């Protein structure tokens, strides 16, 4: 029986993970759950999964939740804030942490989990982009496995588990293209509602906007470089609208290994939870005759400048990816609040990167300071628009 703690259980990945676990009760159980402020969802999860501990952001909400647990005769410990997250990640009985808190805020809890020698199922690509070299070094020192949850990185992982990284010629990262890869109108007129209308995946608001700008694919390119120990120039992005080929790995002998399935996040989530085993699932079987065709296109870096910014940040390295990620988080939040235009996202990220003075220190504090600086600088740019 594998005991799992989910950080971000009220989000899209968290809820899908719980749905999977509810059908795998003989193999996996829930030890802990953490949410930001969605107490209503957390209460329903507590009733169903009976975790030993939970954590919420607000001290007041934590106190109210404690009272609710007592009144309902529920024996679940309730914690709060960053301290609560750290308690959840270090619980002795937990075997694996599923890190699904979006953005850089999830970084410290991942670090705490690794130091407590907990395996990590990583759904927080921003943490890897921000401080990936630090995370992977720490994981190696503590004998911790970092298992990807993103469909693309799960695919890469499945394509190269038994191969030496030195034999990889390139990683081919597929992208659906989002809602705008064929869009030929004025990008500055794109609305929030249009950006949130993804043709393939149902995801959270922030990642859906990132998919629309293709920044999500840029972040994933950096994540692939870090997770699989290859230089960014060996990571190639191609547009694949059907989202059936989730990624490919080409080796030095010319062989290309791909992972295919119908687009369903439950598959990579389940694989991360059960690795190295594979268990039956209710994923719709792949029927290539029914699909009929698989299309592939080169991405347009001019049309989607966030892709160029991501590759630039990866090539510069050090603190630049952290700065890019933080500026993007700020810009996307402002776009979702209808404060800036769709095209302003890339402009804000680009100006923040170009103003940043690179630090070559690899300490965790350096990455956190770069993130802090970038958020404040991006906010300044947003206020000037």
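Cβ coordinates come from backbone N, Cα and C, glycine included.
Going through 61, 86, 220, 236 against Swiss-Prot, the one listed in the Mn(2+) site together with 150, 152 turns out to be 220.
Checking the candidates 177, 178, 204 against Swiss-Prot: the one annotated together with 10, 11, 12, 13, 36, 38, 124, 126 at the NADPH site is 204. In Swiss-Prot, the 1-deoxy-D-xylulose 5-phosphate site is described by 125, 151, 152, 198, 211, 216, 217, 220, and among 109, 166, 176, 231 the residue recorded at this site is 176. Close to residue 150 (Mn(2+) binding site), meaning Cα to Cα within 10 A, are the following binding-site residues out of 36, 125, 220: 125, 220. Checked against residue 216 (1-deoxy-D-xylulose 5-phosphate binding site), the binding-site residues 10, 12, 124 differ in C-alpha distance, with 124 being the nearest.
Residues 10, 11, 12, 13, 36, 38, 124, 126, 204 are listed as the NADPH binders, and the farthest two of them sit 21 Å apart at their Cα atoms. Listed in sequence order, the residues of the same chain lying 6 or more apart from residue 198 (1-deoxy-D-xylulose 5-phosphate binding site) and placing their CB within less than 8 Å of its CB are 176, 178, 179, 208, 211, 212. Each residue contributes its Cα atom, and for residue 12 (NADPH binding site) and residue 125 (1-deoxy-D-xylulose 5-phosphate binding site) those atoms are 14 Å apart.
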